[in-house]
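*Asks:* Pasting a structure here, questions to come.
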Amino acid sequence: MAQLDTLDIVVLVVLLLGTVAYFTKGTYWAVQKDPYASTLTNGLAKAGKSRNILERMDESGKNCVIFYGSQTGTAEDYASRLAKEGSSRFGLKTMTADLEEYDFDNLDQFPDDKVAFFVLATYGEGEPTDNAVEFYEFIQSADVSFSEKGGVEEKALGGLQYVAFGLGNNTYEHYNSMVRNVSKSLDKLGAKRIGDAGEGDDGAGTMEEDFLAWKEPMWSALASAMSLEEREAVYEPVFEVTEKPDMSPEEDAVYLGEPNKNHLEGTSKGPYNAHNPYIAPIAESKELFNDKTRNCLHMEIDISGSNLSYTTGDHIAVWPTNAGKEVDRFVNVLGLADKRHTVITVKGLDATAKVPFPSPTTYDTVLRYQLEICAPLSRQFVASLAQFAPNESLKAEITKAGGDKDYFQERVASMNYNIAQFLEAMGGGEKWSNIPFSLMVESLNKLQPRYYSISSSSLVQKNKISITAVVESLERPNAPHIVKGVTTNYLLALKQKQHGDPHPDPHGLDYAITGPRNKYDGIHVPVHVRHSNFKLPSDPSRPVIMIGPGTGVAPFRGFVQERAQQAENGENVGKTVLFFGCRKPSEDFMYEDEWKQYKEALGENFELVTAFSREGTQKIYVQHRLKERAEEVNKLLEQKAYFYVCGDAANMAREVSEVLANIISEQRGVPKQKAEEIVKGMRSSNQYQEDVWS
């Protein structure tokens, strides 16, 4: 037998290693990371990607990044739409980017042949969204500096071209402050804005049309600045949806609604947050209204052993499930009924495309747990459907609805349609089987948690969180569909089950209340806690005035509960005045018996002022009662009372602010303008706090 020399041995070893490497690829190495395997962070950070945006753009060949600061998903949706349109119409190499996933100290090196978009929602009282906090603090810092250049003096961002659009609500004092402040900071640092900074107004209900009106002149300005040529826009999928007929939905690796890998494997663990819910037991639930036509729920969510904590005034987020009735409608109208439980994988066709949910999964799962299939339609989304219409006459109709603002309002928006209802109504029985499922994944927002003001005190019950929620039902004249609140009706189904209903099915909506693989059975709901700045004064002897009509009373139940406990503990508790409003005391006087108990604990320091809008011939609201108590209110304010408002932003909260300014003006004998400045100063010092919604 011939002897092997050294070279032969080396060659054989190399061949052996190569063979082993080939057969173990994808098993022990070059394994694609599951971005949903971790519960701590989201997106790029999960996948271990670089936080250097310039590196990321260079690696993926991008010349346009659309950053978004989003709380409810709308800003993220607009960012995705801008990315798709920039790519399809102008050939830009686009990517979207979550602000919390990148560092910004190297923006001074941003090349002048690239462009950055900032799509920024303003949250609460002029605050950044949770994912934009670090970016906002960095860019607003008085001594901001960058990797190679200083700050304002050196015009460090002289090479940065940017575009900006803000999402705000004019019922708040600090309307669109995020986009305004960020634009101002970028301009000071030498950045060059292209086009006007757009502003959408959710308070006026014109967000979508504001966005559409802004983007056309913006694209023209950008095309001119970057020498772009417009081309005919064609649908280019961002995601690839692949059916896996060889896989069963019962396989352990298939996601059936679990939010991440730990939940899939049955090893859910904290920290629990906006990316990782805690599956919490509902300890108790009850109906608060004595009105057969309406429901208002009180629920106690048990967070024992979860390491979740809250302080009085915080919010609880409930992760909803879409109604089975609407899931059925969707699969039927898209011709997917026979394939609803087919296993699919979804992957980005671009390295920067972030799949909004884990896979492998099923069509049914995506529609039930992952996408906002019940959301109202945008005109831009409707326009994108025209090319997939089942016939030419429908194509013409959809094109008109997507292109004509007034026609869209008449035929679509005023009808209360969601996407499946719209396709069903327009198609007249036709299936829309030409629509790629990838378009739905790209165009519909991810199903978002809904936030509720916690209606309990952490001092009294640290391991149980109370929710107070009216079950939503929106009806418009001549609209064929009544909009049923996705989350509140889901909670109503859970309450019905807890009270022994063998078929809990409010309004025939058919919720899968036991969750994926029955993991929510035993009356459980996925939740997390969001901390809030809506807080009682640290000194309990300070007086407080609270305005909370309807379910706006929720956080004030927690406030009063806490001050009653402080009084029982022997602390000096200041005057506590609650203005509460509802329709009739016999129908919807929430927590009527509890207020009497708190009165016993607080004595003369607690006063409940009620306003019943439908008891007499005249409608009486909390604003009227506040005006009637002008002298007392002013005296308490002069004692540095804290003033709180919770509820409807568009009407009630605005009118309360106006009444308060009038009270100060009249009681103190100062001009109205001076009184308004005093109210503004109260807001700035957190003496006036709001927890309001539109």
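Using the three backbone atoms N, Cα and C, a Cβ is placed for every residue, glycine included.
Because TrEMBL annotations are produced automatically, they should be read as predictions rather than curated entries.
Features from TrEMBL:
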type	residues	note
TRANSMEM	6-24	transmembrane segment
DOMAIN	64-219	domain 'Flavodoxin-like'
BINDING	70-75, 121-124, 167-176, ASP202	FMN binding site
DOMAIN	275-537	domain 'FAD-binding FR-type'
BINDING	ARG294, THR551, SER613, ARG614, LYS619, ILE620, TYR621, VAL622, GLN623, GLU655	NADP(+) binding site
BINDING	ARG450, TYR451, TYR452, SER453, THR468, ALA469, VAL470, GLY485, VAL486, THR487, THR488, TRP693	FAD binding site
*Asks:* Hey, what's the widest CA-to-CA gap across ARG450, TYR451, TYR452, SER453, THR468, ALA469, VAL470, GLY485, VAL486, THR487, THR488, TRP693, the FAD contacts in the record, in Å?
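*Replies:* Overall maximum Cα spacing for these binding residues reaches 17 Å.
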*Asks:* Where the distance is taken from Cα to Cα, which of the binding-site residues ARG450, THR468, THR488 turns out closest to SER70 (FMN binding site)?
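*Replies:* Out of the listed candidates, the nearest Cα belongs to ARG450.
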*Asks:* By a simple count, how many Cβ atoms lie within 10 Å of the Cβ of GLN623 (NADP(+) binding site), its own Cβ left out?
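*Replies:* Counting Cβ neighbours of GLN623 (NADP(+) binding site) within 10 Å gives 23.
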*Asks:* Sequence gap of 6 or more, C-beta under 8 Å: which same-chain residues meet both conditions with respect to ALA121 (FMN binding site)?
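*Replies:* Residues satisfying the criterion: GLY69, SER70, GLN71, THR72, THR74, ALA75, THR129, GLY166, LEU167, GLY168, MET178.
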*Asks:* Want to know which binding-site residues, from GLY124, TYR172, ARG294, SER613, LYS619, are within 10 Å of VAL470 (FAD binding site) at Cα; which are they?
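*Replies:* For VAL470 (FAD binding site), the binding-site residues whose Cα atoms are within 10 Å come to ARG294.
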*Asks:* When neighbour density is defined as the number of other C-beta atoms within 10 angstroms of a residue's C-beta, which of the binding-site residues TYR175, TYR452 has the lowest density?
*Replies:* TYR175
*Asks:* Using Cβ-Cβ distances, find the residues under 8 Å from ASN169 (FMN binding site) that belong to the same chain and are at least 6 apart in sequence, listing them in sequence order.
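*Replies:* When sequence neighbours closer than 6 are ignored, ASN169 (FMN binding site) has THR122, TYR175, ASP201, ASP202, GLY203, ALA649, SER694 within Cβ distance under 8 Å.
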*Asks:* For VAL486 (FAD binding site) and ARG294 (NADP(+) binding site), determine the Cα separation and express it in whole Å.
*Replies:* 16
*Asks:* List only the single closest residue to THR468 (FAD binding site), chosen from the binding-site residues GLY124, TYR172, LYS619 by CA-CA distance.
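*Replies:* Ranked by Cα distance from THR468 (FAD binding site), first place goes to GLY124.
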*Asks:* Which has the fewest other Cβ atoms within 10 Å: TYR172, TYR621, the binding-site residues listed?
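*Replies:* Ranked by other Cβ atoms within 10 Å, the binding-site residues TYR172, TYR621 bottom out at TYR621.
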*Asks:* Report the nearest neighbour of GLY73 (FMN binding site) in space among the binding-site residues THR488, SER613, LYS619, TYR621, GLN623, comparing Cα positions.
*Replies:* THR488
